[in-house]
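Taken from TrEMBL as is:
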DOMAIN    25-220  domain 'Glucosamine/galactosamine-6-phosphate isomerase'
ACT_SITE  ASP62  active site, proton acceptor
ACT_SITE  ASN128  active site, for ring-opening step
ACT_SITE  HIS130  active site, proton acceptor
ACT_SITE  GLU135  active site, for ring-opening step
Amino acid sequence: MKVITVKDQVEGGKVAFELLKEKLDQGAKVLGLATGSTPIEFYKEIVASDVDLSSLVSVNLDEYVGLSADDEQSYAYFMKENLFAEKPLKVSYLPNGLAENPAEEALRYNQILAENPIDFQILGIGRNGHIGFNEPGASFEGVTRVVDLTPSTIAANARFFQDENQVPKQAYSMGIANIMASKTIVLMAYGAEKADAVYGMVNGPVTEELPASILQKHADVVVIVDQAAAAKL
Ligand code: GLP
């Protein structure tokens, strides 16, 4: 696990973008993408650049259960706004929040992942150490499924909704095993509220109680943090 400390999120976005370009030059074809506030500057760098993503495939980490792709709070909408509208890829996959049969939808998504092994995965981290929506206690062997969000994640994500009651209680999420199968992983974390999670991920025991700690076992992980997120390292 390589840790790079940056001045701020803007510099972090640039560092992550340089890593992406390096992997694209080496032939990366499938991108694993994340939502949340953390990767926004990274997407801005891509949009402002002349990189051509039109022959690439992307697979997103997660999506809320019950939200349509047109819903402004959906991750499909986030991706369209922050990346796809400006830099369309050949195909971009996200779980369908409105799927009638969630178990089948999760199977479909795992099939997509089996057919499109991820070369370069972008990650943020939750305050409790979650990655994707793999909350504390999620199995390291897990694949895409419907998960119940913890009260702390619902509270943290409420800032994007009008009020906390509107935050969906469930989401589709790739599992830890899907994430670990990516060739390269770049995780970004900014701000003091991420410092405990970053410490546990980098220096703590590898435990399902802090899902991101499994990344210590991955051969190619770069962690990009600002001073505040790195404060406890
Ligand atoms: C959400 C997402 C994660 C994200 C995390 C942190 O719960 N499912 O993929 O990494 O929150 O979000 P933020 O980047 O806004 O701090």
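Residue positions begin at 1 at the first shown residue.
Here the Cβ of each residue, glycine as well, is placed from N, Cα and C on the backbone.
Automated prediction, rather than curation, is the source of TrEMBL annotations.
Mapped onto this structure are the features recorded in TrEMBL.
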residue : record                             : DSSP class
ASP62   : active site, proton acceptor       : strand
ASN128  : active site, for ring-opening step : coil
GLU135  : active site, for ring-opening step : coil
Discussion item. Among all protein chains shown, how many Cβ atoms are found within 10 Å of the Cβ of ASP62 (active site, proton acceptor), not counting that one?
Written reply: 23
Discussion item. Which active-site residues from the set ASP62, ASN128, GLU135 have a C-beta atom lying less than 6 Å away from ligand 1?
Written reply: ASP62
Worksheet, complete the sentence: Whole-Å Cα distance, ASP62 (active site, proton acceptor) to ASN128 (active site, for ring-opening step), is 17
Practice prompt. Determine the minimum-neighbour residue: among ASN128, HIS130, GLU135, listed as active-site residues, which Cβ has the fewest other Cβ atoms within 10 angstroms?
Written response: ASN128
